[in-house]
Amino acid sequence: MAKGMFVDTTICTGCKACQVACKQWNGLSAEPAHFGKRSGVPYPVADNFTGDSYDNTGTLSATDWRHVRFIEQIDESRREKRWLFSSDSCKHCSDAGCLNACPTKAIVRTDLGNVVVQQETCIGCKFCIPSCPYGVISFSEETGTAHKCTLCNDRIHNGLGTACAKACPTGSIRFGELADLKKRADARLAQLKGKGEQARIYGYEEADGLKVFYLFADRPKVYGQPEDPVVPQRRLVLCSLVTILTAIGVGAAALVNFRERLNGKDEEESNES
Amino acid sequence: MSPEIIQPPEWAWYYIAVYFFVAGTSAGAYFIGAMEELFGSGGEREVSRAACYIAFPLLVLVPIPLIADLGRPERFWHLFIYNQGGYPYLNLVSPMSVGSWVLLIFSACALLSFLDNLVADRVISFPLFSRYYNRIPRRLYAVLGSLAGFFIAGYTGVLLNVTARPFWAATSPLMGALFIVSGASTGAAAISLYLIWRRRNSGGEVERLEAFDRVVMVSELVLIALLLVLAGRTALPLMTLPFVAMFWLGTVALGIVVPLWFKYRSRRHPFGDAPVLAHYLCILAGGLLLRISLLQAGQL
Ligand code: SF4
Ligand code: SF4
């Protein structure tokens, strides 16, 4: 029953319809960090022009749950060029670092497999923020809580697809049953490989499988995705063991010092007597 | 564009690093006191008494920075009770969740030891308490409190190690170990300072404490070296300005190396009271700067 999205970046045109649809459906305001005050102007003025191709969103944030990246690739002789686009969001990991980290059960997985933050429960401890291996979940000063894409939790539980997939004019973002999406992805991959093009799927193995996975035409890092993401909690057992061993070591040091000297002293005393 | 897009939590150092330090010192002191209580001769009780008088008052301060750093401080109780179900909640893979619960256990043990000493010192007396006084299993909560104390000193390091921030992830699995060792050393320094204040800083007990502290501080240096090797390139922030002063000068030089040299030297050539006092203060300051440096180096 797990739902998800398949993002075929090779047919994305960078129109940002998904970003707009996401903002509208989820009622998200503009990113406060992108606006500044200018003297004499009564309203906030946008000041986040990144100079990075057509990208002025920059990163995912508490109010930007979708982010279209623009990657300009030009070879050294400036003859060959390629413009890559990719629409990024929360991956709804099967082993989600953010969900593992949350101490209050504010982050939960629904029956459809998506990962959501329950705003009424979140205390704003911010532990989930560095625990996401994709840098997705973000803290909002305004609400004092963590926010991220919900996979349109309200829509998908009422038989609709996600707003971004609905708005995407090229079918680059597809919503559906995970199994169907994988079939589609494999077929598309085979088609591209057949044409001799470089292509790879990102998200089959990572974090036990990403519910939102991608078809990339280049290495993941070109698209701003980590090459070897690690669910950070997988280090927990080793870290705990080393810490416990150290505790035993410190305990032993204390024992040796407090006991040995005690015995030594006892001997001295008995010698004296 | 950098593929390292993992966001920092932006925990305020004046809350979180200070919490790491205060809790670590309290836990270290408690553990040392308990060890003296359990394995000492029983003749002198100065160290274990000092430990109890330090551990609990420090712990009382702890909730303040922890709650103040939350985005929604008024909801702090969600750490213990799932607000939508009304039942207690514990997430075993989240050091923050387990740590919150263990903090409760540790506080209870520290409170009991604190009261115990107040009664023994006849500062307070409860008729009811006194009646049952001798039946309280003191050793039991000393052991339980020490275990919880170790957890409190160490889990904060593990908490940093199990995030995806490059520096914190690269230093895995040593941060917890370093925090435990540092907590033991600042705990010992706090006890020594208390004893100086009460003018009880002499005798075999204090010597044993010093011997223990020397071992701990040498291992702290070794752990810092190992941690930096593990960190590799992610430790580069530690080479930039505020960190050179805080970490290298403050923690490593003034907080560990100089006090250690002082300790070895003073065994043969006793120094005056002022330098002794100063070197304990240096150890404490070094411990605080260690937490601030390692927290902030991961958030840059
Ligand atoms: S991508 Fe990050 S925020 Fe989304 S589910 Fe995975 S860990 Fe959580
Ligand atoms: S900030 Fe909120 S969602 Fe994130 S770990 Fe803390 S309580 Fe959970």
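Every residue, even glycine, has its Cβ placed from backbone N, Cα and C.
Annotated features, as they stand in TrEMBL:
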- B:12-35: transmembrane segment (TRANSMEM)
- B:47-68: transmembrane segment (TRANSMEM)
- B:98-119: transmembrane segment (TRANSMEM)
- B:140-162: transmembrane segment (TRANSMEM)
- B:174-197: transmembrane segment (TRANSMEM)
- B:218-236: transmembrane segment (TRANSMEM)
- B:242-262: transmembrane segment (TRANSMEM)
- B:274-294: transmembrane segment (TRANSMEM)
Remote residues contacting the transmembrane segment (B:274-294) - C-beta distance under 8 A, at least 6 residues beyond either end: 13, 17-18, 20-21, 24-25, 160, 171, 175, 178-179, 182-183, 185-186, 189-190, 192-193, 196, 201, 217, 238, 243, 246-247, 250-252, 254-256, 258-259, 262-263, 266
Distal contacts, the transmembrane segment (B:174-197) - CB-CB under 8 A, six or more residues away: 20-21, 23-33, 46-47, 50-51, 53-54, 58, 150, 153-158, 160-161, 168, 206, 209-210, 212-213, 216-217, 219-220, 223-224, 226-227, 230, 273, 276-277, 280-281, 283-284, 287, 290-291, 294
Remote residues contacting the transmembrane segment (B:218-236) - C-beta distance under 8 A, at least 6 residues beyond either end: 166-167, 169-172, 174-175, 177-178, 181-182, 185, 251-252, 256-257, 260, 297
Cβ contacts under 8 Å made by the transmembrane segment (B:242-262) with residues that lie 6+ beyond its boundaries: 214, 217-218, 220-221, 224, 271, 275, 279-280, 282-283, 285-287, 289-290, 292-293, 296-297
